[in-house]
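Single-structure report; data block below.
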Amino acid sequence: MRFIYVILINLIIFQFITFLHAQDFDFFYFAQQWNPASCDSKIKCCYPTNGKPAEDFGIHGLWPNYFNGSFPKSCNKNVRYDETQISDLISSMQKNWPTLSCPSNNGTRFWSHEWKKHGTCSLSMLDIHSYFQAALALKEKVNLLQILKNAGIQPNGGFYNLEAIKKAIEKGIGHTIGVECNIDLNGNSQLYEVYVCVDKSGSNIIDCPIIPETKRCNEIVEFAVFGSRNILDAGHAYSL
């Protein structure tokens, strides 16, 4: 009996240590995606039930990461996504953190996924309200569209030098970034996502300790606009 008791105690200690390790991380990636590029690709998109999102960068997520390039995920399945705890943030999330997944929905599924996979790994620093509030505050602080416009880089469906885009953003925020592209229906490489690095508090922008790999980006990339291709609204074709 005593032997079984010792085993149980050791198992509990091991699980606790594992839990603490999972809660630890080194910094955040704050990812913003260019909304039109989410729709101008081979993957169908749907406007959310509250309407067409702004032609702007939208929040993708606030993701804990390690200095070695790996990242924790789904750290605490017991801490569920409870929208009643962030009810005061929902209207801002609908505007700044829109979902473009199909079928058309109100965003709850997207936000729940981000909390369960990434947010629960930041519980050592942020509870659910602080987590979503931090992301919204960062979106306001890092106005990527205005930074690019100030540099003469306009979202007009034109093509721009990738390095010029990166340098404009890095000059605008004063720190290094990462960029990801996707491919449009004509096979063009287009600006899709920008990664800004943030300290563990979720509030201070820092140089990226690890620069995310620049995926699917050519030297020249498109700055897409919303079009009628591949867009669904509440399950029906949406034409602009």
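Heads up, the Cβ atoms here are built off N, Cα and C, so glycines get one too.
Positions annotated as active site by TrEMBL: His60 (among others). Listed in sequence order, Ala31, Gln32, Gln33, Glu193 are the same-chain residues six or more apart from His60 (active site) with CB atoms under 8 A from its CB.
The number of other CB atoms found within 10 A of the CB of Glu114 (active site), across every protein chain shown, is 21. For Glu114 (among others), the entry in TrEMBL reads active site.
All chains included, 24 other C-beta atoms sit within 10 angstroms of the C-beta of His118 (active site). The active site feature in TrEMBL is assigned to His118 (among others).
The annotation signal peptide is assigned in TrEMBL to 1-22.
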